[in-house]
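Shown next, in structure tokens, is the structure this report addresses.
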Amino acid sequence: MLLSELLKDWPCTILQGSIRRTIDGITESSKRVKKDYVFVAKKGVVSDGTTFIEEAISNGAKTLVIDRDNIDLTSIPVEVTVVLIPDSSLFISYGSAKFSDNPAEELLIIGVTGTNGKTTVSHFIGQLLKELGHKTAVIGTTGLYIDGKLTETIQNSMTTIPAEQFHPILRRCMEQQVTHIVLEASSIGLSTNRLAHCPLTVGVFLNIGMDHYAEHGGRQRYIDAKKLLIPLADQLVINEDDETCRVIGEGLSEPPIYFSRRHINGKQQPKVLLPNLGHHNEMNARAAIGALMALGYSLRAIKPHLHALRLPTGRLEKYEEAGVEVYVDYAHTPDALQAVLEALSESTKRLITVFGCGGERDREKRPQMGAVAAHYSSHVILTSDNPRTEEPSQIIVDILSGMVGFATPVEVFIDRHQAIRYAVTQAQPGEIILIAGKGHEQIQQIENQKMHFCDMEEVKKSFSYRNAKK
Ligand SMILES: CC(=O)N[C@H]1[C@@H](OP(=O)(O)OP(=O)(O)OC[C@H]2O[C@@H](n3ccc(=O)[nH]c3=O)[C@H](O)[C@@H]2O)O[C@H](CO)[C@@H](O)[C@@H]1O[C@H](C)C(=O)N[C@@H](C)C(=O)N[C@H](CCC(=O)O)C(=O)O
Ligand SMILES: Nc1ncnc2c1ncn2[C@@H]1O[C@H](COP(=O)(O)OP(=O)(O)OP(=O)(O)O)[C@@H](O)[C@H]1O
Ligand SMILES: N[C@H](CCC[C@H](N)C(=O)O)C(=O)O
């Protein structure tokens, strides 16, 4: 593609060089630059892309795109074109879409947002679309799935992929005859413009709870970020039982499709659709049905396919041995932990909960999760999630502050491996263990080190240890 073609419809000022040059790619990372690439120097949370210009040029960049007139042009070789645009993050989205020949415009795309349940609902929608004969890709935290099969893992397990990788993935999906895409729209993904050039046929609002307030600067900004989904979507599907979502729906110019505990799009639907998976997954199924109805399917056409719904990996994933039921689940917010504990406490069995909270994430979540765990569990084992650069014992102290006043016994094992092993070796037949927070994750991050760690593998290894000890 010619640089002039890429820039044709975008406001820009050419500070140096020619735009009549061929470009072979576009990236915001100096490390990913190859010969004849466009390097978009974006100011980020950690660093400023303009400090990597020299590296980008030595890796082959022939075009630099900047959004601040703060670089010394005399330091840039004359053969390198320098373009000034208003907003780097928006441009990286626009440029990546255009360089991939705007695949999003040729696909039917459904975007799902909310604090809890995005992955589950995206997979449910994907499963229903597949049943209805559409070749469908689901893109989100657990990877890229085409027709239910894991096809690509996503770097850093991101929920919403940065635009630079996202549009080429859409193009690859099209090359595999995919016609429908279901994607997760995280608040961070929306606020950093990762989906800015991704028109959606349907947008789904699931719920608004507590997560990522610290990154956004408070609850209202988090909600505002979620609301960026609205202008992207032709039609919206909204959880009427969630007050914040309902208020969002009331403010829309076009009436959305609502779902609730009682109805889906106005049709009374009181029956349980998914036995034994908890009220939250029942609501997730209703959201998925609402999305299909927004595409024009009737409830009657959808119902025969509901038997195909399966939870994604790491969501209430069950392992049973020696009469002990173990569930690995991705609950890492207060609402999620409550939802999953409510589901498990429907049985009268003793319930042992093993969990921690991630470092560098909302501190307010911690005491709330502690209180929820103490309320529903017979026994709580506190441990580390991904402490990142925080002191693990301080995270646990924060969780414990919410458990004051509960009689529930609590034990602490900073090492997650030891916590799981202890829970499994102590459990008696007839008891349930919930291991919450990391679900499908395959790594644990301590300081800046990422080590392989998988809760389900740890569960199985712990049973081998328990058996060997007998
Ligand atoms: C906090 C955050 O959102 N970070 C994202 C953001 O990084 P950033 O803009 O702050 O980048 P930076 O590290 O400051 O660097 C600034 C610029 O310099 C460039 N650079 C940097 C280093 C270098 O050597 N060369 C270079 O060119 C970078 O590519 C960037 O353009 O932009 C990057 C590129 O788009 C993302 O990869 C990165 O996500 C990181 C990996 C991340 O972990 N993000 C998480 C928090 C996230 O996005 N999570 C959400 C929500 C999950 C949920 O559902 O709960 C998600 O959608 O996954
Ligand atoms: N509708 C829901 N309401 C409350 N909790 C839910 C709901 N759906 C799922 N959960 C809980 O949230 C956890 C994560 O579910 P899921 O991965 O589907 O959500 P997500 O929004 O994609 O999460 P993230 O964006 O953080 O990856 C589940 O393991 C479950 O404990
Ligand atoms: N996408 C979420 C996942 C959190 C999962 C939990 N295991 C943690 O590390 O806090 C986040 O990055 O906040």
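Placed from the backbone N, Cα and C atoms, the Cβ positions cover glycine too.
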TrEMBL annotation, meso-2,6-diaminopimelate site containing ASP385, ASN386, PRO387, ARG388, GLY437, GLU441 - matching residue among ARG361, ARG363, ARG466: ARG361
Which binding-site residues sit within 10 Å of LYS226 (N6-carboxylysine) - Cα, from THR119, THR120, PRO387: none
The domain 'Mur ligase central' (112-253) - residue tally per DSSP class, helix then strand then coil: 61 helix, 33 strand, 48 coil
Neighbourhood of ligand 3 - binding-site residues from THR115, THR120, ASN386, ARG388 with Cβ under 6 Å: ASN386
Same chain, 6+ residues apart, C-beta under 8 Å of the C-beta of ARG361 (meso-2,6-diaminopimelate binding site), given in sequence order: ASP211, HIS212, ALA214
Cβ-Cβ under 8 Å with the motif 'Meso-diaminopimelate recognition motif' (385-388): same-chain residues at least 6 beyond its ends: 332, 355-360, 395, 416, 437-438, 441, 443-447
Local Cβ density at ASN386 (meso-2,6-diaminopimelate binding site) - other Cβ atoms counted within 10 Å: 24
Contacting binding-site residues for ligand 2, chosen from ASN116, ASN386, PRO387 when the Cβ sits under 6 angstroms of any of its atoms: ASN116
